[in-house]
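Everything on this sheet refers to the single structure shown next.
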Amino acid sequence: MQVAIWAWLMVGVFLLFPMPRLYFEPILVVFSGCFGLMLIFYKSSSNSKNNIWWWFLGGLLLRLILLFSFPSWSDDYARFLWDGELVELGQNPYLETPNDWLESNPDLSTPYLKKLLSLMNSPDYYSVYPPSNQLIFWIGSKGADSNLEYGIVALRILLIIVEVAVFWILLGLLKKHQKNVKNLILYWFNPLVILEITGNLHFEGLVLMALLLALWYLSREKLATFGGFWALAIGIKILPLMLVPTFIFKEKIRKAPKFWIGFAFIFALSFLPLFYQNSWQYLLESLRLYQGKFEFNASVYYLFREVGFWIKGYNTIATLTKILSGITLIGIVWISWKKRWNSPIELAELWVLIYLLYLILQPVVHPWYIIPVLGLSLLTEIRSVLVWTFAAILSYHAYSQPSFEENPMFLWIEYALVFLALAWDWKSGVFPFKSKKLLE
């Protein structure tokens with residue numbers, strides 16, 4: 001039975017990814033089928049050692065069948081390869097927008113760069129990717145050798161290697177902390193994970209790998225390495241910086257020089273390149289722009305936005321994002337102060353809670369943003385994140401519209417599923433903030 005399920009999953013992934021995102025209805029049907037097959041596979045599997053190897057090989061093959069495919073659901077890869085090509089040319093990818101760079105460097109222009117520019121969704125924005133990402137983009141550019149298809153394959157190989165690492169690290173953590181090893185299936189065979197990381201070339205899997213490694217070394221009480229991998233996660237995405245209160249309010253960590261030395265060393269390595277030619281100013285400008293201008297697939301933010309329209313008569317995004325960011329920060333500090341963790345699993349629970357709070361209050365929630373918190377949640381009993389990885393596919397309906405306009409009906413359905421799942425987790429008592437200690 002499991003072989004048949006896996007075979008149908010492979011057929012589903014093979015059919016799903018080449019579909020242009022304009023075809024929302026067939027995407028929804030095939031994605032739902034793949035998700036259902038994953039759940040059946042989960043229910044019918046056992047924890048035997050032989051099964052684990054079959055899981056690994058089966059999930060790896062699902063990724064390898066996408067190796068030579070062209071990303072059809074996202075064009076972020078064009079910016080990745082553009083930044084990498086500029087690094088390869090000895091140029092600073094932060095100083096100019098792609099359009100400005102091409103105008104000011106006509107002698108360095110190539111057909112390959114012009115092709116990347118034509119595919120890009122951000123030709124008028126400064127790069128928002130930290131130096132650690134730029135290193136990976138440069139490796140992709142080396143593999144590309146001015147060939148778009150080669151560049152895509154190079155990035156995909158790197159991400160598949162990262163995914164393999166996530167599989168074995170997550171397996172090790174599940175075993176070490178006596179959790180259900182079958183939880184690994186919910187990541188390794190999750191269609192959202194496969195399509196967004198291996199297919200669309202997003203780097204959230206790398207963030208997850210760094211966070212899982214941090215937990216692994218915490219389990220072994222290697223505090224310097226623990227801090228180093230947390231810093232690496234920040235160097236890739238910046239967002240894990242919001243986890244800092246979880247360490248400040250833990251006395252053992254707050255007073256551990258090894259942890260902070262390990263953190264500071266990797267953090268400095270990751271961000272010191274930004275001081276070259278004041279690159280940090282341009283990165284910061286891009287972050288401000290993304291925070292105060294864009295909105296997509298939000299929940300609470302959209303409700304407050306409607307209130308803003310009613311009171312002010314216009315979109316109050318500039319003010320609203322600041323308010324919600326402040327609420328998020330206060331919430332993270334309060335939760336971290338109230339819920340003191342005593343084990344790596346309790347820390348993972350706290351991280352899941354913080355990520356959920358952040359995502360629920362953000363104006364932009366792309367489906368791949370959920371992937372790090374999915375991996376962390378599988379170390380806990382929290383299952384609302386898994387539901388979200390299914391519901392998030394509804395956000396792709398906007399891409400099937402000529403104007404990319406979101407349909408409120410699909411937003412309501414998506415977040416009804418998410419909040420019902422959150423309510424179920426709350427009722428089941430699996431959230432760390434359900435404890436009396438937190439509510440005192």
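Even glycines carry a Cβ here, placed using N, Cα and C.
Record note: among 290-312, 313-335, 313-335 is the stretch given as transmembrane segment by TrEMBL.
Checking TrEMBL for transmembrane segment across the ranges 1-21, 22-42 points to 22-42. In this chain, the transmembrane segment (259-276) lies close to the transmembrane segment (224-247): three or more C-beta pairs between them fall below 8 angstroms, excluding pairs fewer than 6 positions apart. In this chain, the transmembrane segment (371-397) lies in contact with the transmembrane segment (150-173); the count of Cβ pairs under 8 Å, excluding pairs fewer than 6 apart in sequence, is at least 3.
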